[in-house]
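Asks: What follows is a single structure, and I will ask about it in a moment.
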Amino acid sequence: MGMFETLILILDSTVRLAIPLMFAALAGLYSERSGIFDIGLEGKMLAAAFAGAAAAAVYGSAWIGLFFAIIVSTALALVHGFASITHRGNQIVSGVAINFIAAGTTIILGQAWFRQGGRTPALSAEGSRFTAIDLPFAEAVRDVPVLGLVYSELISGHSILVYLAFAAVPFTWWVLFRTRFGLRLRAVGENPGAVDTAGISVTWLRYRAVMCTGILCGFAGAYLAVAQNAGFVKDMTAGKGFIALAALIFAKWKPVPVMFACLLFGFLDAVAIRFAGIDIGLFEVPPQFMQSLPYILTVVLLAGFIGKAIPPKAGGQPYVKER
Amino acid sequence: MAAPYAKLPAWVDYGLIPLINVTVAFLVAGLVVLLVGENPVRAAQLLVQGAFGSGDGIGYTLFYATNFIFTGLCMAVAFHCSLFNIGGEGQAYVGGLGVAIVCLAFDSVFPWWINLPLATIMAALTGALWALIPAWLQATRGSHVVITTIMFNFIAASLMVYLLVGPLKPVGSMAPETRTFAEGAQLPRLDWMLEMFGLTIRSAPLNITFLLALAAAFGVWVLIWRTRLGYEIRTMGFSPTAARYAGINQTKVIVIAMMVSGAMAGMMALNPVMGDQTRLQMNFVAGAGFVGIAVALMGRSHPAGIIPAAILFGMLYQGGAELSFEMPTISRDMIVIIQGLVILFAGALEHMFRPTIARMFHMAGGGTLKPTPQPGE
């Protein structure tokens, strides 16, 4: 196989690996821009993956799976909202709690309902899984040099959720920067007092933001369990929620950079999976280093050595309305 | 921590409300048991019996509690400085490296009572070093310590995988672990201690690290409430602005608090690595770093609260293992749910029942709601 084909294959798996990150990072974007830190992305994604796979297996429909994934993930997002908005609890603590509740509940319920060691039944029935969509002419143009392969391998042949993820990026940008809701959402993350003074409910605005987070995490989980894989495996998110969080910070809380950050982290993962170790002449770079590179890069960025990542000003602080 | 609510008597603040919160957490956990079709009361009975019904049960309970005392103290020290050190897991993992280095180097040179202090120092040192960069970045560059310590957890996991499948693995072995330590790096069991109470122990790995954990708890109490540094840490945690006006060196306090926190996590590694497995294994921390969050929240970041909270979680771990034999649908992962619920109700929702309780007090006692001096502050 030539260099070019290898590159296309790596890029193809980059896209597949980046999609859950993209959904989850965009999810975090809504919440964090409204001033609610969310380290519970991982848990919501995991719970959504389980709910999606379980519902898709029981009802035999991928779309019903997606629906339940979104419901469960949004319910957890509302728990986070209840703790951190209504009861002004510590947002980090609440996020940690949600991660654990999701990690434990998915295994216990999975075992109790399906008795397959924490797995859900494999989604083999027609329509119970989001399958690859072949775009028009994908086969016909395959033999066209360079562009043919790019079109047929890289652009075509993904599931609907992949295209939705890419569509969610400009959509999020439009919502945040071109709608009244977006303006208020960003304002409430910077200066909730000013929003309150303008007569807009800080509480309701933030609740809507965490609901957006829940919905997008639902997509992320459904993609993992109902599109990328054919069923739920215990702990299948395996830290993706935290990589998404890293990507969100890496992208400085902006939608389009979020996409690129996720693609970069997906690429690093794809390379680490493809090559056991990379020989750069002097010594061999171990795959573990490639896998930890997203985290290292995020720390370096946070340290302010590549630009400065400034979080929303009111992030993490509960809003106390003056009486 | 600033309390945006009315003052209540100390026993309500430090006794009743935490108790209610934890009780609610366990009630919700009972609902989950009900949901999978088992009897929660019977499950609780089996759990307590598994944890305290035999000498071995108690031995295992205290063995797990040892881990959680260390990680609970790790979280507590950071909490007092109002830092959230999620990196206990990674710091403990790297602490295991410190333990292993000492053990691999000296296990056939020195007896255990020389190797133990050496390994303790190395474990504390490596754990503290793993907390140093996040601490320094928080103190000087304002990078949020929560995010950086999460990142360092993953970096630690990658590093340890690399070391355990590569340099630290003995030649010809397939398992990702070091060789078994010689006798000089195996800690003595505490069987005699339980035998004093007429209990017999066959396999429980309860070892001398338990006593070390109790000593560490006392040390943390002295540090936080009886030294100048502890005062500075608490001032910093209460109000960074006040600390700055008082001339406290913020960078120094943040870095030291985080390093003490990391050292506590690192020392946790002594218990499983030197006391039980006598080799360094992949994932030996197994979530104990995260249990520390629940333990510290439940124990209100005070050593006197952390020790019982750690024993409670030790009981859940040991009893949970026994329970899963009797009720196969309730595997040990049930503890993860309980842990999450405790963190939710005792941590994030700690103020949920407060207004109600305050109102009840108001109705019952009328004017007795004077602010009382709170012990331990």
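Using the three backbone atoms N, Cα and C, a Cβ is placed for every residue, glycine included.
According to TrEMBL, the protein carries these features:
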- B:12-37: transmembrane segment (TRANSMEM)
- B:57-80: transmembrane segment (TRANSMEM)
- B:92-113: transmembrane segment (TRANSMEM)
- B:119-137: transmembrane segment (TRANSMEM)
- B:144-165: transmembrane segment (TRANSMEM)
- B:204-224: transmembrane segment (TRANSMEM)
- B:253-274: transmembrane segment (TRANSMEM)
- B:280-297: transmembrane segment (TRANSMEM)
- B:304-321: transmembrane segment (TRANSMEM)
- B:333-353: transmembrane segment (TRANSMEM)
Asks: When you scan the chain for residues with a C-beta under 8 Å from the transmembrane segment (B:253-274), skipping those not six or more beyond its ends, what do you find?
Replies: 63, 66-67, 70-71, 73-75, 77-78, 80-81, 83, 85, 87-89, 91-96, 98-100, 103, 115-116, 119-120, 123-132, 134-136, 138-139, 145, 181, 185-187, 207, 209-210, 212-213, 216, 220, 223, 229, 232-233, 236, 243, 280-281, 284-285, 288-289, 292
Asks: Other than its close neighbours in sequence, what residues sit by the transmembrane segment (B:119-137), given a CB gap under 8 Å and a spacing of at least six beyond its ends?
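Replies: Here the qualifying positions are 83, 85, 87, 90-92, 94-99, 101-103, 143, 145, 148-149, 152, 156, 185, 212, 251, 254-255, 257-267, 269-270, 274.
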Asks: Is the transmembrane segment (B:12-37) in contact with the transmembrane segment (B:333-353), using three or more Cβ pairs under 8 angstroms as the rule and ignoring pairs under 6 apart in sequence?
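Replies: Contact criterion met.
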Asks: What else in the chain is close to the transmembrane segment (B:144-165), if you only count residues 6 or more beyond its ends and a Cβ gap under 8 Å?
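Replies: For the transmembrane segment (B:144-165), the sequence-distant neighbours (Cβ-Cβ under 8 Å, at least 6 residues beyond its ends) are 83-87, 89-91, 93-94, 96-97, 130-131, 133-135, 137-138, 176-178, 258, 280-282, 289.
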Asks: Where, among B:12-37, B:57-80, B:280-297, do we find the most CB pairs under 8 A to the transmembrane segment (B:304-321)?
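Replies: It is B:57-80, which has the most Cβ pairs under 8 Å.
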Asks: Are there residues at least 6 beyond the ends of the transmembrane segment (B:280-297) whose Cβ is under 8 Å from a Cβ of it, and what are they?
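Replies: Apart from its flanks, the transmembrane segment (B:280-297) reaches 67-76, 79, 86-93, 96-97, 99-100, 153, 160-161, 164, 168, 176-178, 265, 268-269, 272-273, 306, 309-310, 313, 336, 339, 342-343, 346-347, 350.
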Asks: Quick test of the contact rule: Cβ under 8 Å, at least six residues beyond the ends. What residues does that give for the transmembrane segment (B:204-224)?
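Replies: Distant contacts of the transmembrane segment (B:204-224): 55-60, 62-63, 65-66, 69-70, 73, 76-77, 80, 116, 120, 187-191, 193-194, 230, 233-234, 260, 264, 267, 270-271, 274-276, 302-304, 306-307.
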